[in-house]
Amino acid sequence: MTTITITRPDDWHIHLRDGAQLKDTVRDISRYMGRAIVMPNLVPPAIDTETALTYYDRIKAQVPAGSQFEPLMVLYLTDKTSPDEIRRAKASGKIVAAKLYPAGATTNSDSGVTDLKNIYPALEAMQEVGMLFLVHGEVTDSSIDIFDRERVFIENILSKIVADFPELKIVLEHITTKDAVDFVTQASDNVAATITAHHLLYNRNHMLAGGIRPHFYCLPILKRNTHQQALLAAAASGSKKFFLGTDSAPHAKDKKEAACGCAGSYTAHAAIELYAEAFESVNALDKLEAFASFNGPDFYNLPRNADTITLVKKPWNVPATYPLGDTNVVPIRAGEAIDWQVE
């Protein structure tokens with residue numbers, strides 16, 4: 001039986017939601033992740049230090065006994081985020097980054113940034129105090145094809161931010177294109193990217209060919225196979241610039257299986273197992289530990305986790321649904337087998 005032991009991984013991009021759903025999302029992600037960067041796009045969003053810290057307390061209250069799971073908090077940038085707010089957030093010791101959501105780009109992004117120039121004072125403060133800048137890299141112009149929005153964002157917006165703030169550490173989150181891989185690879189050491197398990201395992205054919213499969217619908221949207229292969233190559237390359245970020249984003253079953261379904265795929269139930277499948281598919285299991293457990297903390301200047309987990313190649317069947325507060329979520333690979341499990 002094949003087994004691999006790796007340093008305990010972290011998730012550098014997750015949506016835990018709030019309220020009644022929190023106990024279920026925290027239960028799933030805390031099983032073997034040491035830490036997670038928690039997205040701030042709540043309703044209302046975590047736009048200030050106080051809101052982010054009270055959210056931290058709600059998450060910690062749901063961490064199961066015996067788990068050392070630690071949430072790492074993020075400030076939601078708006079047109080009005082002040083340099084003083086950035087300094088307050090950094091001083092808290094619990095808020096490690098601030099997030100750019102272009103207004104309207106994704107779930108609960110309506111409070112996001114309408115013009116990049118509006119956050120330049122905040123970015124200057126972040127560069128000064130060493131707070132990371134997390135980016136949802138898509139333009140929101142309705143005239144731009146949804147499959148091109150990441151590429152256009154990189155060309156028109158991100159390249160300028162990188163040039164204007166050379167000392168700012170930037171994470172281009174949940175990259176989905178060869179364009180993003182190439183940009184991050186060629187950029188300075190201050191630019192990195194997270195990659196999801198579902199973008200490594202699937203492409204738009206899985207979502208659209210032979211019937212619409214709404215549980216694969218996420219933002220940024222799944223791209224063509226050539227982009228998927230570029231992501232796999234980047235993740236398995238050994239480059240320190242790429243690391244694990246699930247972007248696990250639960251929605252109730254009826255919100256996904258609808259005439260206008262929500263964007264987001266749920267993978268927290270089996271995150272590292274799905275990544276193991278992806279790395280095995282390109283004969284790169286030896287590169288999984290660095291991607292999952294080393295590159296993220298190194299980029300964030302945080303210590304690596306001290307303990308380990310063991311994965312065993314032993315197929316198991318994923319339930320059709322998992323509880324999500326007072327409703328249910330359909331996970332990726334629902335009703336099907338996953339090849340790996342945590343021992």
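Backbone N, Cα and C atoms are what each Cβ position is placed from, and that goes for glycine too.
For the substrate site, Swiss-Prot lists His15, Leu16, Arg17, Asn41, His136, Leu219, His251; matching the candidates Ala122, Ala125, Ala230, Ala263 against that entry yields Ala263. What Swiss-Prot records for the Zn(2+) 1 site is His13, His15, Lys99, and among Asp247, Asp254, Asp286, Asp298 the residue it adds there is Asp247. Swiss-Prot lists Lys99, His136 as Zn(2+) 2-binding residues, and of the candidates His174, His198 the one it assigns to that same site is His174. Sequence-distant contacts of Lys99 (Zn(2+) 1 binding site), defined as residues of its own chain at least six apart whose C-beta falls under 8 angstroms from its C-beta, comprise Met39, Pro40, Asn41, Val74, Leu75, Tyr76, Leu77, Leu134, Val135, His136. Mapped onto three states, the DSSP output places His136 (Zn(2+) 2 binding site) in coil.
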